[in-house]
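Participant: Let me begin by handing over the structure; questions about it come next.
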Amino acid sequence: MSGLGAAAEPPSWLRGSREVFPPEEPGAAAPVGFLQQLPSYQSALRRRNAPGAGTQGRRAAQQGSWGRRGAEARGPEQDGGEREARPAREYPLSIAEKRRLRVLQQADTKYLSGWKQWKRASNKSLKKALNEVKELTSYLELWRHDIHSIEGKFGTGIQSYFSFLRFLVLLNFIMFILMFSFVTFPSIISKYGIFNSTFANIPPQNTEPHCTVYTPSGNKGLVYFYTYLKDLLSGTGFLEVTSLFYGYYTIHTAWFSNLSYNLPLAYLLATFAYLALSFIWIIKRSVEGFKQNLVHGEDQFQSYCNKVFAGWDFCITDPNAARLKHRNLQYELQTDLEEERLKRKIADRTVKEKLRIYSLRIFINIIVIAVLSGCFYSIYRATVFSQENSSDISNTNFQANLLVQYLPSIVITLANFIAPQIFSFLITFEGYSPAFEIKLTLMRCVFVRLANIGVLLFSLWSQIYCATDECKACGYNYKLYPCWETEVGQEMYKLTIFDFMIILAVTLFVGFPRKLLVTHWSCKLVQWYGLQEFSISDNVLEIIYGQTICWIGTFFSPLLPAIATIKYFIIFYIKKISLIHTCKPAARPIRASSSNFFFLLVLLIGLILSFIPLAISIAHIPSSKACGPFRSFNTSWEVVPDTVLGFPTGLQQVLYGVASEAFAVPFFVVICIIMFYFMALAGAHKRVVEQLREQLVLASRDKLFLIRKITEAQRHP
């Protein structure tokens, strides 16, 4: 063991302790026996003598690790001078040593060549300029002061929710810029002849005439005021013929002077672009949280020490928030103890007790499946009823018409509210640990929210795509859905609007009255019920549900990201006011609430699930022949091979080769190899982190051992 326990070379921190261990005389012998008593040396000795351990490779790795740490502590002037010197503040040294290092760096600069001096000065100036630009741009960050204020009053857990909400506002704004720039703007300027632009419509070929008939339900003649309100809430009427929905974009090619613009291809590529942008952005932000989770994976003892000695959030300045943080730490410690108690109880279970608990879990999961089936069936029946009867009710009956239009949204909202309450009640009988109870309940809630959207789309597709003789002419149910993409876009629009109305109504008609009752009424029942808790997990699932709707609906309603941006912008202030004036932070927060990694992981699940309905709509279901940019194609995807046919022959062969199995199989194999490489690299990094932790523990034991020896030496000189 040449790094931790060599007789002639103590650890690097020991070599720097000149006050405790003065330098030896040249002729004096090294205190070999004394250093061999260090706990780090004894641990390394036991590991080396253990069967299968202590190989030469491990000793060399540890030696290299200590050598690198020692070289870094000695500073760049001892590394050969080839590597560029880092600033003194980046070294783990004391203030006095940093000052000495800075003086040495300045002295070394005088002996460098003119080119190296100019290069070092340029790099320093560039880094300073970049830091100043970064500092200036931080002042332009959206809601910077508000989020810092929330963090100061309520801690980093609630602050992470509002930061996540800001991320969604920016993401939806970028999605809106993409769709507006490449789809909506070219259509508008070409239809109105701006910039001397023209457009061409290519009618569908080999299609029955009745498939191309589409008469939007626009308002004609004398229209009541509430009709406009109904159209605004349901996306019908005057909104149906605007650029908000798919049916507006009937242009095939737009001409700007001598340049042609293929709108169907731009529409499809813009859809792929916003999905790819969302995926890359979420992955990029998730990697930071994953690194922290990888490094901060801890055992029970380290978790206890971190909570006791490093669990306090020094951003908190509000006294109420400070008391809440005390209770949170107390709850987490109690949870740890409860988990340890349950682990021992699980280990001591008899066969009869295991059989009973497993039977109970199977029964409860059957109940959960029954609840989910009931929710899905209710959504299916509500969707079918709404689609079949929305046009049969007279427009003069405003309430009944609006109720039928919003019936699927109402049923989905009720399912999202009732099912999690049932899951939270049933989980208490399954005998899981508190931490696993929270995770399982959250995953069930995520599944029921996202699956409800899938059931709604499945219900619509079962009405759109049929195999009867009447549907064979057009490929879809043209009588009920002459422009089925617009119908799907209207359903996504109604879900977005209704979700916002529910959030606003809960704050105004539940949160504020409850606050007034608790504040001004001394009834024991009201005081026991207390203020509404600001549950981070429920609020996160709420906005992830809305974002999943936006991802799916943007293909059918290109301007839906603009509505989502405005929606989340208003929700930020609604939640902020609710948090400060009507709610209290949750007394039992989930442990992952302080990290955006949990939020982004659930958001990534929603994004991946949104790929499925979009892929089916683009590649499988025939596109409408009466509206939209793809009416001259059988499916939306056919615009891609049609565009490729217009390329030169050599480029076509290259693209066909890339899309062939001969290329796909080796590419998949290479991707798998790269993935396994990074997985192995992550495992190696995790093992290095564990070794460094062990070295820190051994270093602390060495210090305790030396302090004890010094104390004994002082008592017995």
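Positions of Cβ are set from backbone N, Cα and C atoms, glycine also.
Whatever TrEMBL says is automated annotation, not expert-curated.
Residues annotated as compositional bias 'Basic and acidic residues' in TrEMBL: 69-89. For 1-89, the entry in TrEMBL reads region 'Disordered'. The annotation transmembrane segment is assigned in TrEMBL to 167-189, 265-283, 362-380, 406-429, 441-461, 492-512, 597-621, 663-684.
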Participant: So what's near the transmembrane segment (406-429) in sequence-distant terms, Cβ-Cβ under 8 Å and 6+ beyond its ends?
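Facilitator: Hits for the transmembrane segment (406-429): 233-234, 360, 364, 367-368, 371-372, 375, 378-379, 382-383, 385-386, 437, 440-441, 444-445, 448-449, 452-453, 456, 459, 491, 494-495, 498-499, 502, 538, 545.
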Participant: Given the cut-off of 8 Å on Cβ pairs that are 6 or more apart in sequence, determine whether the transmembrane segment (441-461) and the transmembrane segment (265-283) share at least 3 such pairs.
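Facilitator: No, the transmembrane segment (441-461) does not contact the transmembrane segment (265-283).
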Participant: Who are the chain neighbours of the transmembrane segment (167-189) in space, where the CB to CB distance is under 8 Å and they lie at least 6 residues beyond its ends?
Facilitator: 142, 195, 197, 243, 248-249, 251, 254, 261, 263, 266-267, 269-270, 273-274, 277-278, 281, 285, 543, 547, 550, 554, 558-559, 561-562, 564-565, 568-569, 572
